[in-house]
Amino acid sequence: MKISALLTSAGINIGLCVLFLSLYSVLRKQPANVRVYFGRRISEEHSRLREAFILERFVPSTGWIVKALRYTEEEVLAAAGLDAVAFNRMLVFSIRIFSLAALLCVFGILPLHYYGQNIQHLRIPYEDLDIFTIGNVEKRSRWLWVHCLVLYILSGVACILLYLEFRHIARLRLLHLKRATPNPGQFTVLVRGIPKTKKESCSSAVDDFFTKYHASSYLFHQIVYKTGKVQKIMTGAKKACRKLKNFTDTTVDQSCKAITYRCCLCGASSNSFQLLPTDEVVPSRGKVDLDDSSLNIDNEECAAAFVFFKTRYGALVASDVLQTSNPTKWVTDLAPEPNDVYWSNIWLPYKQLWIRRIATLLGSIVFMLLFLAPVTFINGLSQLDQLQKRLPFLNGILKQPHHLVQLITGYLPSVILQIFLYTVAPIMMLFSTLEGPISHSERKRSACCKVLYFLIWNVFFVNVVSGTVLKQLDFFSSPKDIPVQLAKVIPGQASFFITYVLTSGWASLSSELMQLFGLIYNFIRKYVLRMKEDTEFVPSFPYHTEVPKVLLFGLLGFTCSVLAPLILPFLLVYFFLGYVVYRNQLLNVYRTRYDTGGLYWPIIHNTVIFSLVLTQIICLGVFGLKVSPVAAGFTIPLIIFTLLFNQYCRTRLLPLFSTFPAQNLIDMDREDELSGRMEHIHHGLHTAYCQFPESEDIQLEEIRTVGNDEDGGGCSSGGSNGKGCSDEPSGKETLQEQQQPRRDLSHPTLKGLPVSRLQTAVRCVTFLIRLQKRGLS
């Protein structure tokens with residue numbers, strides 16, 4: 001690829017980034033989009049928003065960047081949880097190590113590559129990217145020791161920074177364990193594989209077993225029931241019927257008119273609901289038989305239960321030990337947090353899980369193999385000169401104008417690959433769900449690992465191999481020479497990796513900030529379907545897609561830092577931009593429903609170690625190709641040192657992420673017993689894990705007497721407070737407003753606006769305009 005093609009791709013992506021960032025800075029100020037860009041804050045504050053016209057709303061600004069950088073790590077931890085802090089520290093680690101790499105490699109190694117051979121250079125835009133890689137260095141060059149020295153510096157600094165971050169996250173995890181609000185999951189054990197007998201039920205078996213073998217710490221238990229979608233619907237209908245029992249006790253103003261909405265597409269209006277006279281409802285009161293057999297649901301007990309213990313230490317001991325001589329019966333694990341339980345998989349038979357894991361593994365492998373075809377085709381677009389030799393009909397494409405060829409080779413391949421990659425995350429999430437995880441966080445972490453393996457294989461290795469097939473068909477002819485083969489081809493693939501960083505990195509960050517899908521969904525729901533805004537639906541952060549993406553860019557940065565350092569400035573821009581964008585999204589957009597306690601960090605640590613070792617192996621092959629035995633000899637101890645460092649971290653810090661220290665749990669139990677909080681905690685365990693929570697019930701609030709609503713949006717003539725002007729007279733919202741004072745907010749980005757005075761002025765101007773139209777002024 002020519003430098004001009006790279007500049008074309010960079011120019012397109014820079015333009016898209018500037019456009020998206022400018023649109024975001026304007027759209028986030030619009031009151032209609034506040035649910036999209038401030039979903040977490042609005043859902044937590046439960047505040048109402050007043051719309052106000054001001055010119056600042058339509059002017060792009062950079063104030064959101066300053067606000068995102070102003071928050072401290074403690075504030076991020078309190079708002080988004082420990083997983084968000086771990087993700088943020090991954091970006092900080094990447095910024096630090098690749099800033100050093102860019103300083104050393106761009107100013108120290110890149111000139112050695114450019115002047116590695118005595119050739120006549122062209123102007124920079126017409127130079128080939130291979131000129132800036134290690135492939136342009138002559139064999140037995142006396143400057144290869146610089147590459148070895150830089151490799152040592154980067155590996156050593158990366159290990160030091162990685163250890164400091166690992167220790168920091170481990171310390172925060174222990175603090176997360178001692179948080180002020182007790183976690184019911186620390187007192188609870190999930191038991192699966194309960195043996196069933198005809199003589200007694202599962203509940204009796206659980207009570208007998210734990211009373212006999214854990215008598216000193218056993219408190220009580222809760223059986224899990226097998227429920228399907230039909231049973232859930234019938235249970236909800238039963239609860240709704242119970243609420244209807246008191247429905248006729250309310251009074252309804254019969255003068256209210258039916259609510260009509262006009263469709264934005266066809267312009268037709270319809271009466272969605274009509275109020276029936278009270279005398280027609282009263283006779284039907286006796287027709288609802290709540291004791292009907294169709295409403296009585298005998299939920300089937302399954303071989304799983306939540307067992308509660310008196311202390312945290314008792315639950316930890318019961319979850320770690322093997323209960324019986326048969327490992328497939330009475331299987332115990334620490335229960336996830338109540339909000340994290342994935343109820344659909346709890347009742348799955350434990351003996352079935354290993355079959356599910358094997359099936360999903362095979363499905364993932366097949367999907368990765370099927371993805372080889374589009375990746376090979378996409379990589380071929382960046383090497384049209386090689387495709388022309390094997391596919392002569394492409395001669396017409398190469399005779400097109402120069403700018404079109406630059407667009408095809410520099411921008412189109414990474415865009416097509418990115419489009420295909422959008423299908424990966426949902427499919428991997430489906431595979432992770434079929435595995436049978438017991439928690440939402442476990443399912444997301446499993447999907448994260450699958451997406452990570454998929455990206456490393458298809459984006460890195462398959463692109464390298466497919467690029468080699470076009471030049472050399474015997475890549476796998478000698479497996480022992482694979483490091484040497486990688487050393488030959490990776491510098492040549494640096495051009496594709498750079499364009500991939502531009503498209504999948506810069507542009508994807510801009511689209512993440514814009515929340516395109518959220519904007520479209522909000523527009524259709526609000527203006528086309530005329531539905532009320534759903535304040536409860538706030539998405540959670542997609543760790544299963546963003547963590548693998550950042551780690552893949554880290555892998556590309558490590559492997560190309562010494563071999564093709566031209567990628568480092570583009571990567572550094574991505575990490576700086578990602579640090580700002582992701583902090584803004586975590587603090588404003590996404591809501592944390594559950595937290596793993598930093599369990600994503602071991603995945604990050606292992607991937608960084610893999611990237612370092614792979615980089616060192618590739619450099620070992622490069623030094624062998626360049627006939628530099630001294631540099632190759634010094635690289636071997638570096639690989640051993642990195643593996644030893646990884647083993648030390650696994651021994652010293654990794655156990656803190658697999659279980660909780662007994663010392664800390666015992667201290668917490670004693671502190672709760674001395675302070676008298678233990679009884680309150682035990683009382684709260686009775687309602688902690690509710691398989692059929694009341695939140696699934698249909699909320700039927702008491703209907704208040706209201707007057708006619710004239711002109712579709714005016715104030716009610718009579719209310720319980722005598723003066724209530726309600727924008728949306730729904731039952732639940734009205735009741736909440738009467739119980740607590742209504743809080744009106746200006747837009748979160750436009751503080752201190754004279755909203756009330758602006759609204760008064762707008763109403764006065766509107767009134768004058770109406771008078772003028774009627775000829776009364």
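Every residue, even glycine, has its Cβ placed from backbone N, Cα and C.
TrEMBL entries are annotated by machine, without manual review.
Note that the structure is predicted; figures quoted are calculated from it, not measured.
Feature annotations, courtesy of TrEMBL:
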| type | residues | note |
| --- | --- | --- |
| COMPBIAS | 713-722 | compositional bias 'Gly residues' |
| COMPBIAS | 725-746 | compositional bias 'Basic and acidic residues' |
| DOMAIN | 5-164 | domain 'CSC1/OSCA1-like N-terminal transmembrane' |
| DOMAIN | 186-345 | domain 'CSC1/OSCA1-like cytosolic' |
| DOMAIN | 356-623 | domain 'CSC1/OSCA1-like 7TM region' |
| REGION | 708-751 | region 'Disordered' |
| TRANSMEM | 6-27 | transmembrane segment |
| TRANSMEM | 97-116 | transmembrane segment |
| TRANSMEM | 143-164 | transmembrane segment |
| TRANSMEM | 358-378 | transmembrane segment |
| TRANSMEM | 411-431 | transmembrane segment |
| TRANSMEM | 451-470 | transmembrane segment |
| TRANSMEM | 550-579 | transmembrane segment |
| TRANSMEM | 599-623 | transmembrane segment |
| TRANSMEM | 630-648 | transmembrane segment |
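Note on the transmembrane segment (411-431): residues 8-9, 12-13, 360, 363-364, 367, 371, 374-375, 378-379, 381-382, 443-444, 447, 450-451, 454-455, 459, 496, 499-500, 502-504, 507-508, 542, 544-545 of its chain, located 6 or more positions outside it, place their CB under 8 angstroms from a CB of the stretch.
Sequence-distant contacts of the transmembrane segment (97-116), counting only residues of its own chain at least 6 positions beyond either end whose CB sits under 8 Å from a CB of the stretch, comprise 131-134, 136-138, 141, 143, 146-147, 150, 153-154, 157-158, 161, 554, 557, 561-562, 565-566, 568-569, 571-572, 575. Within the chain carrying the transmembrane segment (550-579), a Cβ under 8 angstroms from the stretch's Cβ atoms is held by residues 10, 17, 87-88, 90-92, 94-95, 98-99, 101-102, 105-106, 109-110, 113, 129, 132-134, 147, 150-151, 154, 158, 452, 455-456, 459-460, 490-491, 494, 497-498, 500-502, 505-506, 509, 603-604, 607-608, 610-612, 614-615, 618-619, 622, all 6 or more beyond its ends. For the domain 'CSC1/OSCA1-like 7TM region' (356-623), the model's average pLDDT works out to 81. Simply put, out of 6-27, 143-164, 599-623, 599-623 has the most Cβ pairs sitting under 8 Å from the transmembrane segment (630-648).
Away from its own ends, the transmembrane segment (358-378) comes close to residues 413-414, 416-417, 420, 424, 427-428, 431-432, 434-435, 450, 453-454, 457-459, 462-463, 466, 469 of its chain (Cβ-Cβ under 8 Å, at least six residues beyond either end). Non-local neighbours of the transmembrane segment (143-164) in the same chain are 93, 96-97, 100-101, 104-105, 108-109, 112, 116, 134, 137, 558, 561-562, 605, 608-609, 612, 615-616, 619, 622-623, 626, 628, 630-631, 634-635, 638, 641-642, 645, 649; each lies 6+ residues outside the stretch with a CB under 8 Å from one of its CB atoms.
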